[in-house]
Amino acid sequence: MEIRLSRKIVTFLFLIVVLFMYMIYNYHICALPEITQSISNLHFNRTLELYNRHHHIKTIHQVPIITLTGSDAYPKYRFFRQQGLQPIRQLPTALIIGVKKGGTRALLEFIRIHPDVRAAGCEVHFFDKHYSKGFEWYRHHMPLTLDGQITVEKTPSYFITRDAPQRVKLMNPSIKLLVIVRDPVTRAISDYTQAISKKPEMQSFERLVFFNGSQIINTSWGPIKLGIYARFLKRWLVYFPLKQLLFVSGERLIVDPAIELKRVQNFLGIKCVVTEKHFYFNSTKGFPCLFKSERRSTPHCLGKTKGRNHPHIDPAVLQRLRDFYRPFNDQFYHMTGINFGWP
Ligand SMILES: Nc1ncnc2c1ncn2[C@@H]1O[C@H](COP(=O)(O)OS(=O)(=O)O)[C@@H](OP(=O)(O)O)[C@H]1O
């Protein structure tokens, strides 16, 4: 009897683990905090699906949230509902598509201070990894918004994903695209610094930059390849006119965040609310930080993984890389109409 009972318990626990693993796989690590909410939402989603089917709703934009969901239970939204306002989840009308290590997190954290901007907290990776899950899945990962608020999402790998431009266009042909770029040489070192922090046994930057000890730049190595911005931009310009893209200077976002934020707010068509008053320079970190944000009302900087110390790189290698990138940078300046002044 006792053996049979413990077998039952083991089977039950096994099923729970399988279910949990399936949910992690299906919902992506980004959504982990929402898993518990998702369980309670399962019934709601089914109801919404039936409701949509019954009413022949095919639009993917602005499907109203009809019942109380986990995050909808925030007092802030309860208050808004009591005022007769209906928070909804909508697909993004602006995307930060790249570039990796360009300062995408800083840009997102800075713009989301704006009361008219709501942002998905972490990278959703819809247009690269989860596209097959459909727009409804994507929308479900967006924050609640009130009338007049815009939704922004950032996933830096969109910029280099071959199918992303076409997919984004299919979702919203008039979407606004933000690209934050940075000197490709520093970007490559930043990328390498992140990689070696996860894999300390990695070879040196100087070795990985070249093909097997030669003087030929290894353009198939991610940190180098990603810095050829013109190559990736070409793909986006097949689907979107240049005026739908805003290029933010990663360097200027560090030295004068307010100037770049002004450009961003103009581009998004929202009032210029985020100004120099929101920032202070933290000399220990060496970066601008926020006096307060949507989540925290005390001064704070971005996390430890942003603004890491870079390893020392042989100056001759740096020069070789600068010479390598120069023609690609010129091409990028020509395409964007902006000279970013990279050495
Ligand atoms: N205010 C502020 N605080 C901290 N860091 C800042 C800031 N503004 C820009 N940056 C630069 O952002 C770099 C990280 O870029 P991303 O956020 O795009 O990285 S990621 O692609 O999301 O991993 C990060 O790169 P590293 O310096 O190599 O860590 C920073 O240089």
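For all residues, glycine too, the Cβ spot is worked out from N, Cα and C.
TrEMBL entries are annotated by machine, without manual review.
From a predicted model like this one, the values you see are computed outputs, not experimental measurements.
Among Arg182, Arg320, only Arg182 appears in TrEMBL as part of the 3'-phosphoadenylyl sulfate site alongside Lys101, Gly102, Gly103, Thr104, Arg105, Ser190, Lys306, Gly307, Arg308, Asn309, His310. Less than 6 Å separates the Cβ from ligand 1 in the case of Gly103, Arg105, drawn from the binding-site residues Gly103, Arg105, Asn309 in sequence order. According to DSSP, Ser190 (3'-phosphoadenylyl sulfate binding site) is assigned to a helical segment. Across the structure, Arg105 (3'-phosphoadenylyl sulfate binding site) and Cys289 (disulfide bond) place their CA atoms 12 angstrom apart. Reported as a whole number, the C-alpha separation between Lys101 (3'-phosphoadenylyl sulfate binding site) and Cys301 (disulfide bond) equals 17 Å.
For the pair formed by Ser190 (3'-phosphoadenylyl sulfate binding site) and Cys301 (disulfide bond), distance between Cα atoms is given as 18 Å, rounded to the nearest Å.
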